[in-house]
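Step one of this worksheet: look at the structure below.
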């Protein structure tokens with residue numbers, strides 16, 4: 001299988017920088033495209049991104065720039081921006097790329113206004129490019145350090161997914177492939193909601209059994225929403241993928257999970273309403289609850305965990 005001659009990553013946060021490091025370990029020509037000139041210079045000159053990844057050393061061949069003019073020259077473009085910035089990022093990239101650029105979407109969550117999957121939003125915003133999605137149990141700092149990790153790459157074109165996997169996989173990073181883009185996106189969006197529930201359970205000292213019960217119940221709700229949106233066509237194996245159960249377990253029980261931390265602090269707070277009003281950190285699951293409640297109502301779904309959280313977290 002042919003190797004990509006170059007790989008670009010769009011998004012200079014912790015996850016984007018870490019994915020750029022993954023790519024740079026298997027591809028000589030890798031450039032991270034971002035907006036912050038100071039961070040771009042630091043990555044190029046010092047091989048660090050201290051704002052997001054501390055003093056972790058990045059691969060020596062990794063370059064960074066704020067100039068989007070050359071991004072069209074890269075065979076693969078990995079998009080790693082927050083879900084709220086997705087539309088803006090795609091609209092901007094559209095003016096700088098051609099239909100030949102392969103796009104790998106690493107953003108997790110839902111598109112907004114209206115609430116829908118990113119694969120559906122891309123049909124409107126950018127319909128002609130080859131597209132795949134990446135998701136997995138991938139803590140950014142571990143990826144940046146080159147520690148062992150796995151992920152799942154999904155595309156309606158399984159040959160494309162296999163090609164991307166071949167070009168990103170290494171001894172430390174293994175990417176499996178599937179053609180169910182819907183379930184992978186649903187799992188990536190819902191996991192943060194279930195992580196909030198995990199934190200609340202910890203605060204209530206629900207015990208170890210409750211942890212396993214939550215994972216089972218969460219997988220059921222992932223399947224319910226995925227099927228409603230057209231995924232999981234007679235194939236339950238997708239639930240065993242790194243990008244589904246792997247990502248779910250990590251997000252629910254990692255000490256560094258923002259969503260689990262939020263759930264725990266909410267659970268121990270005396271004044272719940274005051275806590276919600278004063279909590280200023282970004283919590284993806286909190287916003288996702290609102291969006292999934294829309295889908296539950298739209299498709300008349302029975303998803304008790306999400307619904308119960310929606311009653312107490314607004």
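A Cβ is built for glycine as well, from the same backbone N, Cα and C atoms used for every other residue.
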Listed co-binder of sn-glycerol 3-phosphate (same site as 108, 136, 191, 257, 258, 259, source Swiss-Prot) among 100, 201, 247: 247
Other CB atoms, at most 10 A from the CB of residue 136 (sn-glycerol 3-phosphate binding site): 24
Densest Cβ neighbourhood among 14, 257, 259 (binding-site residues), 10 Å radius: 259
Nearest-integer angstrom distance between the alpha carbons (Cα) of residue 136 (sn-glycerol 3-phosphate binding site) and residue 108 (NADPH binding site): 10
Spatial separation of residue 247 (sn-glycerol 3-phosphate binding site) from residue 284 (NADPH binding site) - C-alpha basis, Å: 14
Top Cα neighbour of residue 191 (sn-glycerol 3-phosphate binding site) in the set of binding-site residues 14, 35, 140, 258: 258
Nearest recorded site to residue 282 (NADPH binding site) by CA-CA distance, among binding-site residues 247, 257, 259: 259
